[in-house]
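In what follows, a single structure is set out as structure tokens and then discussed.
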Amino acid sequence: MFFQKTNKITMNSTNQVKVVLTTQPDNLLDVSDEVFEALNIAINCIVVHLLSSLGVIGNSLNIAVLSQHSMRDTTNLILLCLSVSDLCFSCFMEIYYINKIVFYFDQYLSMTMWSYISVLTVPVQTLLFFTSTSLVMILSVERMVAVCFPFHVSRIVTRFRIKFLIGVFIFGLAGVVSPLYGARTLETVTFNNVTIVSGVSTEFFTNAYISAFYMFLTIYLLVFITSVVIVCTIITLASLTVSSNKIQHLSAEVMLKRAREMRSARTSLCLSSSLIFLVLVPSGLFDIIFASNNSLFRFTTKALMVLNTFKQILYLFHSSFNLVLYVFTSPKFAQTFRRIFQIKDWLKIFEHTKNI
């Protein structure tokens, strides 16, 4: 993207063929080889796998709690789908970065693994990322309706309608990202007298689909989802403020119902806020910087890889700690969690063992 001439090929811990350049613009933003290698080990070999493991464990616990019969309202249905999506995303991130560890044991095997992983899993990862962000947007809209129309929400928002809406989003997004399977093809090449499998970008992807895809990515994530989530959050906060001023005039039954709606809205607000500030805004800014390619923001391949890794880390962090968020913002979730896993019993056993 940024260069014109090449003359030598080597291999590094990125598991890709590294192009050594004979001419480079003077204004490129770069990272040194030492910093890049340190970041590669710390982030790609340790942090990513730690967060992915936490995501697998946390979202598995979320699914166990949210699938209970007592958690069958529309809000928990969305959270259940979100947990399934985040669980799959965490699993794929484990697979996506496993070759970074393999590189330090067998560089050629790592390059072949990376080729297969990048071709087969990247479209699925992209779909899961889009699905999770869309589910948070649907949750924001559902909570806004529940807070603004508390006496009609049971008729407006039903489980069937939520399932139908989620299905429409998933199939629509699957159609959008499906051409990514035509983005790269696998070829057998010889490198340093060793036969490896390499991923090669197709002409279709480089000439036609890539520009339209990244345009959709920027508009959908940065503009559409962010705008919807922010608007719904503002309306929900305003409605909660008005409700808190009038709640003393309501009956005890209505007050109890409103209190439950407020607790659910609090979970939605926390999810929405973390999605906006941890994922959407940074990702959108990074995409704009990458796409602009102007005289102010120009990066080497290493710098781009570091920034892209930080993008994925932000979302992985967001999806890994939802369990903590649910426990602290939803008393019903916390109560069901304690009942299923009998936390008090385990604490009593621990205390008894310690006294012995």
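Just so you know, glycine gets a Cβ as well, placed from its N, Cα and C.
Copied over from TrEMBL, here are the features:
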DOMAIN    58-326  domain 'G-protein coupled receptors family 1 profile'
TRANSMEM  77-98  transmembrane segment
TRANSMEM  113-141  transmembrane segment
TRANSMEM  162-181  transmembrane segment
TRANSMEM  213-240  transmembrane segment
TRANSMEM  268-292  transmembrane segment
TRANSMEM  312-329  transmembrane segment
Mind checking which residues of the chain, 6+ beyond the ends of the transmembrane segment (77-98), have their Cβ under 8 Å from one of its Cβ atoms?
44-45, 48-49, 51-53, 55-56, 59-60, 62-63, 66-67, 71, 113, 117, 121-122, 124-125, 128-129, 131-132, 135-136, 138-139, 142, 159, 162-163, 166, 267, 312, 315-316, 319-320, 322, 326
Short question: which residues 6 or more past the ends of the transmembrane segment (312-329) have a Cβ under 8 Å from it?
43, 47-48, 51-52, 54-55, 58-59, 61-62, 65, 79, 82-83, 86, 89-90, 93, 129, 132, 263, 266-267, 270-271, 274-275, 278-279, 282-283, 337
For the transmembrane segment (113-141), give me same-chain residues lying six or more residues beyond its boundaries with a C-beta closer than 8 angstroms to one of its C-beta atoms, as numbers and ranges.
15-16, 75, 78-79, 81-82, 85-86, 88-89, 92-93, 95-96, 98-99, 102, 162, 165-166, 169-170, 173-174, 176-178, 180-181, 183-186, 196-199, 220-221, 225, 228-229, 232-233, 236, 268, 271-272, 275, 279-280, 315, 319
